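Visitor: Provided herewith is a single structure, encoded as structure tokens, for subsequent inquiry.
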């Protein structure tokens, strides 16, 4: 029982990182139907920008976190403007390949010695890790910080999407871009804004994972990026609550499989995640929260 | 039938001519080992790209798991040639790989091909990852069981029966099979599903069956390419068949033109040459992947349909053009 509670906490903190990245995936997908493969790289850039802020400018952790979020929001908008906007009218697969190209480009530019080099770097411990005993389980203050920040960011996102004018525009564009344009919504601005928000969330995830795992490198975005995409599909891609649910589910499944007492099972944790994903898709082909839309002829 | 014979013969002549061309260049000594290496890798990539193009370009199903099927073929060869390291053993291992792949593709394809678009993409990606993880967790050597994949360290010292000639022959064979499949009546139903699945079903096409057929055929060629890859490189590790490999193949298909076999050939050759140059010129080898990525983005922005779009080089049109003195717009055929 204690073990289960303990793993629940571990799973939730890992899951919240996946959820933060998945939110960016799902928002971009919802608005322009693009699987933004460069999203995992934004997360990596966020971690590196946070690293620079803390290591070289000696900024406090939260200032570095916000700084990285703002920088990555800018980078996200720039990527959309340079690489995805010219492809707005073309096929989705062309846009997907461009996204993969952008992802390769960022990884390899960061691997150059001039920028970061291929070697992993130690993330500075801006906040000293302390273990807090809550009843029978041990929780580190960093886990609490990750969970707390994620919840605050998700609430913030919910307010932006549901209560502000920009959020309304985002929802309108995702339902029907042409109709939204006729209503006087600037579609390009709305899409830029979506990229900014999504990238900022990924950056927050990157900085926090740097603090949690202590090590960052230019390839760190690939696996979490893929897992977050799985999480977004798991919950129903295009749906913001779906991304949160998917992220937490994937984090929990992964943690429980690797901690399970069955011998040798932990080596198969990724396989089990994908297997469950496929089963979910077969039973509910649009993800857990997705609604089935009737195809019209 | 007789007319087709003419076109088929001319294709065959072309294939033989290219083979002789390479052979002569090689015996004269104009082809260095590195160039031959590049040619062989291009050949393997052509097999992979043509197979994936059948799935993505012709049946319109978005698969991100092509490397998984390649891995099955590669490991079938790696393991079986340890048991029987003869030339027959090598050919048998290709057959075994194809057999296993067909079974896996059927088991996987029948349920998942009901999914659409991105959901199918992620399901196939998941299957490729599952295959890779199973291989990573395989036994160390044959004394521990037949599933001796060597774990994360992989298998090395695989018998090298696949030289450029073997690869070339298999490339021609798989291309002939796929091209003929596309032009058969079943092939036309495959195309109809790409164009409009609902309309095709209304016309009586059994869409699931046809989609699974195209998927299985594409997967089987990937397995052949995997076997050749294993025997040519002689060392395989599970990391070779990850998500990145699937993306590499996808890039060739999209770069050449989705739904154009000629395009897959052109793209595999061009990207192969690009890779060759970038790898072997000292000054820019550090920037290889950056140039590759930039080229990809720029081509997609300026030519989003790929280099050839859906155009094919067609002997039929070529002959007609020669016959009519080039009045018609030739070599444009779906």
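Cβ atoms are placed via backbone N, Cα and C, with glycine included.
Keep in mind that TrEMBL annotations are predicted by a computer and have not been checked by a curator.
Among the features that TrEMBL reports, transmembrane segment is placed at B:12-32, B:38-56, B:63-83, B:89-110, B:117-136, B:166-183, B:212-237, B:249-274, B:289-309.
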Visitor: With contact taken as 3 or more Cβ pairs under 8 angstroms (pairs 6 or more apart in sequence), are the transmembrane segment (B:249-274) and the transmembrane segment (B:38-56) in contact?
Guide: yes
Visitor: Take the C-beta pairs under 8 A between the transmembrane segment (B:89-110) and each of B:38-56, B:63-83, B:117-136, B:166-183, B:289-309. Which stretch has the highest count?
Guide: B:63-83
Visitor: Three or more CB pairs closer than 8 Å, sequence separation of 6 or more: does that hold for the transmembrane segment (B:212-237) against the transmembrane segment (B:12-32)?
Guide: no
Visitor: State the residues, same chain only, that lie 6 or more residues beyond the ends of the transmembrane segment (B:289-309) and have a CB under 8 A from a CB inside it; answer 'none' if no residue qualifies.
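Guide: Same-chain contacts beyond the ends: 251, 254-260, 262-263, 266-267, 270, 274-275, 278.
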Visitor: Which of B:38-56, B:117-136, B:166-183 shares the most C-beta pairs under 8 angstroms with the transmembrane segment (B:63-83)?
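Guide: Most Cβ pairs under 8 Å with the transmembrane segment (B:63-83) come from B:117-136.
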Visitor: Taking residues 6+ outside the transmembrane segment (B:117-136), which of them lie with a CB under 8 Å of any CB in it?
Guide: 61-69, 71-72, 75, 104, 108, 149, 151-152, 238, 241-243, 246
